[in-house]
Amino acid sequence: MEIPRQEIHIEIDNSIPSSKEFKTGLADAKPVVLMSALRSLHAGYFRISLSLCSQALLWKIMIAPESPSMSHMHSKLPSMAFHLLWYLALVTQVSLCFLYALKCIFFFDKVKEEFLHYIGVNYLYAPSISWLLMLQSAPMMEPNSVLYQTLFWIFAVPVLTLDIKLYGQWFTTEKRFLSMLANPASQVSVIANLVAARGAAEMGWNECALCMFSLGMVHYLVIFVTLYQRLPGGNNFPAKLRPIFFLFVAAPAMASLAWNSICGTFDAVAKMLFFLSLFIFMSLVCRPNLFKKSMKRFNVAWWAYSFPLTFLALDSVQYAQEVKDPVGSGLMLIFSSISVLIFLGMMVLTAANSNRLLRHDPVLGSATDPKDKQKTLSLNATNQN
């Protein structure tokens, strides 16, 4: 007896869906990624271009043939490296300015929040500082040229505008008193005025330079004393931003450079400011535990190590040119080497952690005022009662 066989036919459809039916979403994801990057971008990223521009200025001074204190090792530094560094700084600065301009167009509310933030508002000076340093280190322009002077005013006017707004708030606005908002980042405004003072002195505008220098130094003394007293505003400074403590080094170092350009010589005042920055640097270096929490994960705030040390290196070069002794040459060699090594290390770390660059910054996403959280809690408690 034969059992009837049943045949089973299996058909496999290998057809590929059309492009209309199958979408990867990559084309739609690109604008989303760009918008997310713009939303996360803030003025603190100009620390990168600020470091590049200050490093270019250091190299320009070190390879200058008229520098009498430069040893034969420094005199052989290739000028091509300086030109490459300057153009890299230019590309970085233009790129950051372009991206930040896009943020102002598409996310103006975020820019406004940054302006109201007690830390973020200080870094609105950073683009102007970078441009002024780039102008002073430019290899193709002389300070007496019309183009140089025009660009100087274009970059210096935003500094004066922010001075009037920010310093005016410290004096007159009850909720924006310096005693409540003071933090190490407040020294960025001081550095901006001092960099502008040096630029004016290089052009021979001594009256303008003295005006900017006096404005910067008066507010530096006020900020320094306020921070030294450890008032409530300083206690709200996030641990991840502690590299910004090196701005304590940058401010007197830049003041020394500006005064040297105004007077034409590295006199006693310039030396006093240099020694102050040197003392503060040693004080910070002797306290590595202060920066332990901030070094756990890469953050763009790490660039705050670079440009203050470059300012100190620039100061040491000017000091060595004045004293012409082994101690001055040794300080110049030490701080120039440290500055270059820190700068190169930051370049490598930034390239290795490029995927972390444009992430949401929880610091700027916090309250715009250090007292806002306490006020919010008290209001909630009142409403519950």
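Backbone N, Cα and C define each Cβ position, glycine as well.
Both Glu142 and Arg176 are recorded by Swiss-Prot, but within differently named topological domains on opposite sides of the membrane. When averaged over the topological domain 'Extracellular' (198-207), pLDDT in the model lands at 94. In summary, the transmembrane segment (331-351) lies against the transmembrane segment (43-65): three or more C-beta pairs, each 6 or more positions apart in sequence, are under 8 Å. The transmembrane segment (244-264) shares the most Cβ pairs under 8 Å with 300-320, out of the stretches 43-65, 115-135, 177-197, 208-228, 300-320. Remark: the transmembrane segment (43-65) makes no contact with the transmembrane segment (266-286), by the rule of 3 or more CB pairs under 8 A. Look at the topological domain 'Cytoplasmic' (103-114): DSSP puts its residues at 11 helix, 0 strand, 1 coil.
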